[in-house]
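K.L.:
I have a structure here, written as structure tokens, and I will follow up with some questions on it.
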Amino acid sequence: MISLALLLGCIVFAARGTEHEFYLENYGPPDSISQCIDLTNYATIYLTQTAWRLMFEYQRSVAFHFPFNMTGSSNILVIRIADFNFGSVPCTTEHLTINDRRICGRYEELKDDEKITFATSRNHTSIKYHRGSFFDPSFRMIIRVFAARRNELGICPEEQDFYCKLDQMCISEDLWCDGIEDCSDGTDEKDCLRISIYGVLGLVAFLFLLIALTVYLAIFCFKKSRRSSPKHDYHICHTN
């Protein structure tokens, strides 16, 4: 089985990170992609297969190698599998391999303490996707790669001010409330959900009070205008 190596190697990302999408059916030897990632920020990588498609033997295995340069106060590299839906346990056919660990099944079925997060102090890591058959369905997988700082005290510097308690690490504030769970227990997104619900309820209550006040003022003004209107006595004169 021949593997395709996609070398993600250095582009300086914008403040909010960048997104990369790879359509797996488009790749085969000698194709390769070479990019560089600035670890003061993060990247969101999408592995996408758009439709049921017949795969050749050399396309059945896709390997990714990530070389990084540690910068700033970060001292660990975090690879977060944020969403996936392919294969089935025990991962003997279609699966993803990261640091010799096999991943497959449905992301929604995982418990909080089973969420897929890998942290390494090395400046590189490898991810390999194994297709299950020559004829695979469409799917999309989300991989988040970012730099963090291991911290057991729970006190984070300004540029990394959200603390993942279960992972004992500080992550960038840019990763908080962005729709992807970067902490293993998902706490960086759970607080946002509560804020969002309370915000919606508060907005609904405000609009209700505003409408009620508007209706009350309209009725009050209407009644006041009727009371202040002069009354006219009309006399009907009969002429002979």
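Cβ coordinates are placed from backbone N, Cα and C, and glycine is handled just like the others.
Positions annotated as signal peptide by TrEMBL: 1-17. Annotated disulfide bond per TrEMBL: Cys177-Cys192, in sequence order. Under the heading transmembrane segment, TrEMBL lists 197-222.
Relative to the rest of the structure, where do these features sit?
P.N.:
Under the DSSP three-state reduction, Cys177 (disulfide bond) is assigned to coil, being neither helix nor strand.
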K.L.:
Cys177 (disulfide bond) has how many other Cβ neighbours within 10 Å of its own Cβ?
P.N.:
16
K.L.:
Relative to the Cβ position of Cys192 (disulfide bond), how many further Cβ atoms are located within 10 Å?
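P.N.:
Summing over all protein chains shown, Cys192 (disulfide bond) has 15 other Cβ atoms within 10 Å.
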